[in-house]
Amino acid sequence: MEALFLSSSSSSIVASNKLTRLHNHCVWSTVIRDKKRFGPTWCRVGGGGDGGRNSNAERPIRVSSLLKDRGQVLIREQSSPAMDAETLVLSPNGNGRTIEINGVKTLMPFSGASMVGMKEGLGIISFLQGKKFLITGSTGFLAKVLIEKVLRMAPDVSKIYLLIKAKSKEAAIERLKNEVLDAELFNTLKETHGASYMSFMLTKLIPVTGNICDSNIGLQADSAEEIAKEVDVIINSAANTTFNERYDVALDINTRGPGNLMGFAKKCKKLKLFLQVSTAYVNGQRQGRIMEKPFSMGDCIATENFLEGNRKALDVDREMKLALEAARKGTQNQDEAQKMKDLGLERARSYGWQDTYVFTKAMGEMMINSTRGDVPVVIIRPSVIESTYKDPFPGWMEGNRMMDPIVLCYGKGQLTGFLVDPKGVLDVVPADMVVNATLAAIAKHGMAMSDPEPEINVYQIASSAINPLVFEDLAELLYNHYKTSPCMDSKGDPIMVRLMKLFNSVDDFSDHLWRDAQERSGLMSGMSSVDSKMMQKLKFICKKSVEQAKHLATIYEPYTFYGGRFDNSNTQRLMENMSEDEKREFGFDVGSINWTDYITNVHIPGLRRHVLKGRA
């Protein structure tokens, strides 16, 4: 890009023939006159302003027209700018009076790190420098990867406030140390900072007690005031990810929580961006190619293909009241808890979502969109997040993610088949790629100048449309791994597995489970020497084993037979805006993933090391 020459005065107003868009109609520029650099400024094509939201924002220079002419003054109305310009005609005060200055011959590029479209790309690191973040869900898997990446790549970030559910400040600090700072994920930072690691981390990471389920997100008055004055970016990573959670519990954190956090965000004076970590599966039972579009309040997937007059609107407030009333009427015993779980599944499926988790997350997006006002919003929708691909090292994982119970049970010989469409696709993305895309989106939209009507930007971080992992291929990869690197039983003997059988029929799967359980228990061999009491015990064990496997399959069925493919065009364009250096350090090209290498050499070894702790 050649530089755009601008000045807020009525002189030195000459433009190059290329303009770089930063956000909507904003363009970055610099003033260079008589070989002196006057620094970057910006303008809004056709006028603008900051909409009154940020009184400290730099006032935009209103562009009356951009035109190409070398010999005469041409004036265009503000409504029809010509974007191919060597001469820039400005109306500095937006009053229709135009000024043209030409004759500047030498155009020099501005080398600032934050200019979009130039060699510096999005300027991710420069944006992070000196910024203050508020992150919820900070003790969770993805948030830890995000925190580690920020502190490793931009150690001069100012502060990261971590909203932690705890009874006291001391308890919050204890959770931070035990659940975050002691994690193996941070080993690279430990090596970098050595003995000063803990002091560095506690200087940057500020735990604050709170809960997004509460009003004002549960903050004490002094903490709320401090954060509202200082924070630049809010990241909501808090969620309940249990597919069949109690309806009231899931609504509280996944739907009401984002609304509470947005209410707090609107009090933040310097806020540049609100980022919601959602899931691609908020698209529910949609089929085919699913675009990166935000939800509006009342959207209902079950009826969205009907004629407009026949649509049934989803009333989020009514759903929250329904769950609250049901919880009040019930008791805390196991039967009532199951009823609340069943209620969530029933409500989700009636509106076109497969389970309580994705239904309540979708309603959380609706809450954000309907209450955001002039707060800029980015929604990140990853698919199934699994172990790190590369950073800070390959294979880091915490807890059993979506497909991991199946992977581990298969390796231990406890599961020899599963209910799945063999030709179907498991949409998987490594955690570090999700984090990289998140930081790229933050830099892109966090640097955008204030817009009176900021858009809500959606990025789906998913692999199914551009690099699908087919279930029958996954089964073969699992078999190849465990064939060469088997798990060990309690006696230290290798557990030999067979290629997993895939069933697209519930009846066939059930028959297989029962035969397999009997075979593994020895019931099929007759066992004439076993007394009747032992026989009954073995039959009971077989029955429980079959029930557990069928329960697991029932929960996963909407995903193992999922008919949608997540479009990621916005995400691809975001990546195209990055410099080559940024692509190396913050890459998220899911199309480049070699699934054979990732599954067999990265993900499963990571599971066995970090989840099983080497026990298998």
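Using N, Cα and C of the backbone, Cβ positions are placed for all residues, glycine too.
Database features, via Swiss-Prot:
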{"type": "ACT_SITE", "residues": "Tyr357", "note": "active site"}
{"type": "ACT_SITE", "residues": "Lys361", "note": "active site"}
{"type": "MOTIF", "residues": "133-143", "note": "motif 'NAD(P)H-binding'"}
{"type": "TRANSIT", "residues": "1-14", "note": "transit peptide"}
By DSSP, how many residues in the motif 'NAD(P)H-binding' (133-143) are helix, how many strand, and how many coil?
3 helix, 4 strand, 4 coil
Other CB atoms, at most 10 A from the CB of Lys361 (active site):
26
Could you give the mean pLDDT over the motif 'NAD(P)H-binding' (133-143), rounded to a whole number?
97
Sequence-distant neighbours of Tyr357 (active site) in its chain (C-beta under 8 A, six or more apart):
Asn240, Thr241, Thr242, Phe243, Asn244, Glu245, Ala250, Asn254, Thr279, Tyr281
Secondary structure at Tyr357 (active site), reduced by DSSP to three states:
helix
